[in-house]
Amino acid sequence: MKERMKTVSVALVMCLNIGVDPPDVVKTQPCARLQCWLDPLQSPPQKALEAIGAALQKQYERWQSRARYKLSLDPTVEEVKKLCSSLRRNSKEDRVLFHYNGHGVPKPTVNGEIWVFNRSYTQYIPLSMYDLQQWMGAPSIYVYDCSSAGLILDSFNKFAVQHEREFEISLGVKGQAPPSYRGCIQLAACRPHQVLPMSPELPADLFTSCLTTPVQMALRWFVLQGGSRLVPNVTLELLERVPGQLHDRRTMLGELNWIFTAITDTIAWNVLPKALFQKLFRQDLLVASLFRNFLLAERIMRAYNCQPMSQPALPATFQHPMWQAWDLALDLCLAQLHRVQAGQPFQHSPFFAQQLTAFQVWLTFGCERCSPPEQLPIVLQVLLSQIHRLRALDLLGRFLDLGPWAVNLALSVGIFPYILKLLQSSARELRPLLVFIWAKILAVDQSCQVDLVRDNGHRYFLSVLSDTLYMPAEHRTMAVFVLSCIVCNYPSGQEAALKGNVIALCTEQLTDPNGHLRQWLALCLGRTWNGYTAARWCGIRDSAHDKLATLLSDPVPEVRAAAVYALGTILNCPAKRTDHADTVDQGIGMSLISSVAHDASPLVRKELVVALQWLLAVFETQFVAVAFQFLEEETKEQSAFLSPDCTPAAMKKVASRDRIKLLPIPSNILSAAVVDGLPEAALAAPAQPPPADRMRRVSSSTSISSLGAPSGALGGGGVHGQVWKALQALGHDPHPEVAHLAGVLLGAYKEKAQSSFEWRNRRRNSVSHSEPSSPSGKAGYLAGDSPPVLHGQRPQPTRGHPFQQTAHFSRSRKIFDRGPQVPAPVAEDDTEEQAQPQTTVPLVSTGFVEWSSRYFTRPLAKASQNGDPESKEHQEKEWRFLRNARMRAHAERRKAGTWSETGRVEEQVFYSRCPSVPSCLAFHPYEPELCVANKDSYTLWDEHGSAQSCHSNDNPPQTRITALRYLNAHDLSLLLTGLDDGAVRVWRNYSSSQRQLVTAFQALGDVPSTARGAGMVLDWDQQTTTLIASGDVKVIRIWDTGQEKKILDMPTGADYPITSLSTDHQGSLLVAGCGDGTIRVYDRRLPPADCRIMTLREHSSWIVDVHLSVRERRITSGCVTGDVRFWDLGQTCSTRTLATNMDVTAMAVHPAFDAFACGSASQVISVFNKEGENIGSIRHHDWFIGQRIGPVSCLAFHPFKMCLAAGSTESIVSVYAADRKH
């Protein structure tokens, strides 16, 4: 739409000289005489000439009625020059058409000349195309209707090159662009040295008749060719009585014209390159009509050994199969001509219905790799018909649903003006289809927003969004997505949407049950008031920020991220700073960090960092002061650590502070920032004068002095201090993208503070013996209108680069879907921010909104491939299902047997050396795979003892892996690792070098490094997809991984860490073993204060392992002293005790068989059954003749096999089985 052009002026030059034949043409007798369907010999020459000229003008006006038409009948050179120069002058940059009829003059010359007359019509005067080019200028279009017209076209191209060379020589040094003569369009009736047809049944201006009256010419030629099969006796006289008007599609003639347009568009779209099709058939209405008709001219004139030419040249289309459909349409029309003339109703052609059926067949069997559907231009034409519109929109929507490539094809064929006009329709049945189509278009090409606002198209989508009674949530989601695209970075769109009450419409539906709708309502709000102060205050008056805050606890992580985005954009408004504005911004900041700073979804945490950057920008002065104070405290601690009299206890204390986020903010931060001599260079400002927007942000209302009193904003519990601590925690986030974003933001403000810190130290050294500043000087600063500014170099703002679209993301992300990637920031010059103060370049950014928008580029209506029983994905899923079922059935059969049948668990399958001491083990339930984790990596082993791969877990320093679990093991497995600092990481394709970090979050918050004895203990409930985590903390935390959200904190009620967890995997019971020897039973259904329902106290030492078996309603537990006890659920006393007579360092209970194993530091592993019988004793490698096994560090059973894996402190992993055959 951006390259639209129009032809505003038309010069009709007719050189007929009626009654006098040119000397170089010998006409047949009889010969063709009709000019513009008029016989010039039926009236005096002059009147005939004028009538022909007027008829030609009317024929052109059918295609472009608003152009200026100028007739030049039998002109001289001067008249042509005057005409062309005048039209070019008035047309300016628009296109001018030059139509030349040279039937009354000699043929063009090889020197590039056409012929006109002298004033007395006694001589033919040559007119060089070189001069005509100069008079016409560019852009222009030329139509040559004469014999040997191809000579003109060839000469024109030569003169165009000559003009450009001369222009470069004469004016090129001035830097002006030469006129693009070679870009002009030319249509010639025939090739060089060809003569126009003279058959008396044809008009003399056959080429002009094809170009300006195509349907009439096509009917005539169809009858002359004897093409009618249904009515063989149709005469030319009968054609004169075809009823209707060309532009009335309800009539016979109008329908034929409509079909002709559809067919010629289809031929051109399927034959031409897309760029050429766009130029010739979509930029200019008159040019498009002429080229459609040119295709007919080529077909007809080739039948008379005459080949029209064009510039740009078109491939031959006269044998295209669609011409057969045109012949059929003509035949069906003529077949009912007698009935219509007799008064019977006109029966519409089945052409469009048949073409829609063909398009539907393509949609059923076609694909992206197939050839594009040739009926697509016809589908767009059908949108103009009320009869077929509903079906055409449905098929068009199905086509666009195939992907962005389909949208681009539809846009290239010219869909836009058709569906833009349909937004004026009030038909309710079209609403679902139109919002679907527009969502697909704007997801691919957002530039359409300009035309939508210009034509008030946004009102249509506001109406759909407000129709909560009849429009389902899915279609309202598409409507609000379209509105979000309209307002995205487009002030006119924001203003139009605000006037349309979009904020109230969105906030009213934020509680809708549909999560996807809630997500896009929040995103639309964020885009509406992003950088738009009027919309910001409108939203605040409607309490939109409070309503959005309720979404911060939404069960859908994308909704939470969208709410964070929307709240962040409220902060990103160039509003004048007032106390009310400060209060609102601070309230939003506190709401964000209190609600989502510890969210399990990295998607949400990334958006939180981006949102907080705007709060830091608003209160830049205060946050630089906070960073300054933290820097001072850190420097003091480092000095204390390095001092000679530093005690070992003090050194240990400093070393244990492995995270700066644990540092509390001193209450004297205000006095330290001002009274301690912070100079003008202490606070944030660029080295150059700041932009007006930044000056408004850092106004007197937000200075340190105005916030230092009762609010305590900078104190330990103040807004700025808490936000800074939250950002520091995010700077150490387990997810690298979150940590990177927070690090960039923290680094910018720490650099400002560092500059201030260094300046103060230099000042202290230089004035250490001078008198202190007077109190009056400081009081004058505190009462100033603006805060101090920083003269040091400001860190350059950064902005992420556009995202590469890799894979499609589903509407509701699967468990631990990673979401969009965050790119590394790229430096951006401050000049851009100064030039556009209302669009401040962000330091950090994500692609969350763009990633969310890509949902609408994916197939929505088409059934997923997983539902296709013949697809590869379905076949693999079915194979996994059957394999898993066989393994479970095999385990049930073995469980029904006796241990005497199975044998002792002593046969060593393999043993091998690990990179370091194994800390935990896990068998894959269904794959022949053992995962062995050590301190900071994991290794995968196959069933033969071969290490398949080894991968780093990307641990922070001073942390170790203490938990390992397979998630979704029945399908596409994920690997979860838990660290003793409370962080978990989940890996996809964990065995591949191309593995992906699906998610990482702090499952237990901050676990002090001084209290990491038990590490993190985990249990995974596949049935409910919940993760239960505890360890060196006072709570058991339960996470819903589908929601990526904490759902419950259960107080342990113990002063010792949780050492083992086991859930029933079916109901709500949870058993925890503690470091004090107690076993605590919890019911997740009860409130947190009442959820502990039982405490078992018979053990006297650290619980090594505890296992809950719901089938037997039994708890099995073991402690480090070697006591193993069995408990019945509901009983507070154990039913049986087994003394293993060893100091147990590792224990594992088989989840399927009645067996458990204990390992000790005394280099022995014992396996027992539920009766307490020893069914395996392992002391040596390679049976009894190998070396002694090392002290046992970890044990694990296979879930469905009697296989035991053991790790030792000698960095050895070994696997034992009861029977290798099983």
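Just so it is clear, glycine is given a Cβ too, placed from its N, Cα and C backbone atoms.
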Check each of the ranges 819-838, 939-958, 1059-1078 against TrEMBL and return the one annotated as region 'Disordered'. 819-838
Out of 685-712, 881-908, let me know the one TrEMBL marks region 'Disordered'. 685-712
Intrachain residues whose Cβ lies under 8 Å of the repeat 'WD' (1096-1137), provided they are six or more past its termini: 1059-1067, 1069-1081, 1143-1149, 1151, 1156, 1158, 1160, 1168, 1170, 1172
Is it possible to list how many residues within the repeat 'WD' (1096-1137) are helical, extended or coil according to DSSP? 0 helix, 24 strand, 18 coil
Report the mean pLDDT of the predicted model across the repeat 'WD' (1096-1137), rounded to a whole number. 92
